[in-house]
Amino acid sequence: MEMNEYLDVFIEESKEHIQALNDHLLELEKDPANIAIVNEIFRSAHTLKGMSATMGYQDLADLTHKMENVLDAIRNEKVKLTSPMVDVIFEAVDALEAMVLDIIDGGEGKKDVKTLVSQLESMEKGEAPVNTSAPVAEEKSAASTSTETELDQFELTVLQQSHEKGFHNYEVTVQLQKTCLLKAARVYMVFEIFEKIGEVIKSTPTVTELEDENFEFDFTIILVTKDEADEVKQKVMKVSEVEDVIVNDLKIDTYESDDTVDADAEIKQTETKKPEEQEAKKSQISTKTIRVNIDRLDALMNLFEELVIDRGRLEQISQSLKNNELQETVEHMSRISGDLQNIILNMRMVPIDQVFNRFPRMVRQLTKDLKKDVDLQIFGADTELDRTVIDEIGDPLVHLIRNALDHGVETPAVRKEKGKPEQGILKLNAYHSGNHVFIEIKDDGAGIDREKVLKKAISNGVLTLEESKAYSDQEVYQLIMESGFSTADTISDISGRGVGLDVVRNTIESLGGSITIDSTYNEGSTFLIQLPLTLSIISVMLTEVKNEKFAVPLSSIIETAIVNKKDIMRAHNRQVIDFRGKVVPLVSLTEVFDVPGEVDEDDFLSVVIIRQGEKMAGLIVDSFIGQQEVVLKSLGNYLTDIFAISGATILGDGQVALIVDTNALVK
Amino acid sequence: MANEFLKSIVFELNDEEYALPVDLVGAIERMMPITRIPGAPVFVKGVLNLRGVVTPIIDLRERFSFEVKEYTDATRTIIIQHNDMDVGLIVDAAYDVIDIPTESIEPAPETVGSVKIDYIEGVCKYKERLLILLDIDEILSTDLFKQKAKETTR
């Protein structure tokens, strides 16, 4: 079908509109009197309705249509907005979202929305939304058995135009015999006749419902044809097992006057205004941005990665050949490809708002469920991150926010008791710093009780009472992200904090990031996530161990040092050095990676000092080769879970070098 | 129906002839420099750069617990593409592509050659040659591998 072409665009735009609906509804809730916001919502709903009707998603169009009516009533100040009303509209938006998701999954975007529709209808009439949907629905179905079928704007236009062109518009009710066994087959035959003589504009129940035999014995369709009513009737009656056919002339204006007159007229008006408005808006944007399929960007990135590898190779060749001209050209090419790299990486950057924008809604729901009062403050939503990171970071953030709301911020009563303002604050802050992006989740809730965490850790056997005394606050907080804490049985609020936090940490670390916790008891906690800007091209320090090459990500290196063997001390049965006043354990890569070859007896050791969070370690290598930009490649699906190796890269000479997973080594 | 063929690639391993369906095979390469993967099972020789793709390499001799032999000029790496995995198999030599009539394939008898029955999909006689058809899923199964990885990290 041709429609497929537009499906992607439809899905993208629907998602945007649903997001816009959500955002504006939240604003509206805070500022119910603001008609400008209602107008924004109305606009989104209207566009969504138009799009879904064009694409043939009837349920979607119907629901948005109802929503639109309500919004229209609100902005014309016929109906006053109340909090329960906002809830219903939110529910409607949720239903819309579910339908769009269904369409994304290849479904038909169908959903039973009768309850919502009737709620919206009653709201439109100015009644408070009550959940007694049944009678209203009945009323509606009773109405539809007579000659009334709901028509939307799109269908009305078609009917109008066909009428102008001299076609007849009929409403045909076909009744099958009660003894009819193959209802679907009869329906099919009837439709075949209809399609020969004209066009079916609408059918009640819908065609799919009819095909599924999801109806009693009669159905009604709206038919546009040149044939006379009698002819139509005769033709259909020829189909066996058809009891009766009623053909009525359909007057379009009856439909218009049928509905709430004012509202419809209002819609008409705005409709004539709106397309221009939107057109203008669209053309303005289209000159500045274009939509590019993400696959193409990925393909571009892959090609560029190949180029980076070749660049490395060329640099190596030119250095060994020592030809001036070649060197100059290669240098120039390196500079240009560096710029190119920046541009490509920038293209893949998306604002973190894509993740943040669903949080206000989530927080609203959660606080309602938890009966808490929390003000969510978002800062730095325009901070940009690589798409791959964005895709992964959503779930951990959801988890942390849930945690903060559930276990961090106290209930208003408790807060009052503690002398804090009843409304809690949850701050979400994203910002760039160096080659990293930081995301801060800060609440002013209960904080983490050091003693409780320690007690738990000791009872879990994670550490002993003696050890616990030496733990800094920071180290204690890190404990709640240990996997041992996740299955903890319920000890007040702390155990809850541990649920799944190890998963959060693992996800973040697998992205090459880290997470630290800071907390003051009774004043709140801060979770700070540090993430790399990009995942695919990274800077590494290339080192040599015997005949093998290992790459250490520059992001985790503090510095490199040459250490005299005499300066190595032993503590807890481990080799340690004194590095700028800190005791740093040494890790020999030869041992960790079991590198074959003769043991080199040298008085001096080359050490790469790495840091992960608060912990440091020194990696002993044989020699440093130098700093290099490399393309991160995975080891594939066959080799998974290789200890202390996070991936591989291809060096200038075409050989593969492994990238050291520093997280695993700092322990 | 009777004249269906299975296009297969024939290779030598420990003086026996084996076959794999040709549509699994992405390429056949001479030996290339391999980067060792620390902590991987012994039959995984490492990874190599195959036109920009980091590809793990399995020594089939060691996978089947045969006696280890030096690589020679005839040694080949057969690159298999299967189930989203790119894996290279080191074999003693790779020969021709032949059409095996599917009717001539028989289920593996209890004792055939020296490869464990698990890895064998069937055997067939083809013009006086005995070909052993391998089960690629078993060869690339990572179950055993994951066990080993766990043992090494502990």
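Each residue, glycine too, has its Cβ placed from N, Cα and C.
What TrEMBL says about a protein is an automatic prediction, not a curated fact.
In this structure, A:H46 (phosphohistidine) is part of a helix by DSSP. A sphere of 10 angstroms centred on the C-beta of A:H46 (phosphohistidine) encloses 23 other C-beta atoms. Residues or ranges marked as phosphohistidine by TrEMBL: A:H46.
The region 'Disordered' annotation in TrEMBL covers A:124-148.
The domain 'Histidine kinase' annotation in TrEMBL covers A:285-535. A mean pLDDT of 80 is what the model gives for the domain 'Histidine kinase' (A:285-535).
Mapped onto DSSP helix, strand and coil, the domain 'CheW-like' (A:537-667) counts 14 helix, 76 strand, 41 coil. The domain 'CheW-like' annotation in TrEMBL covers A:537-667.
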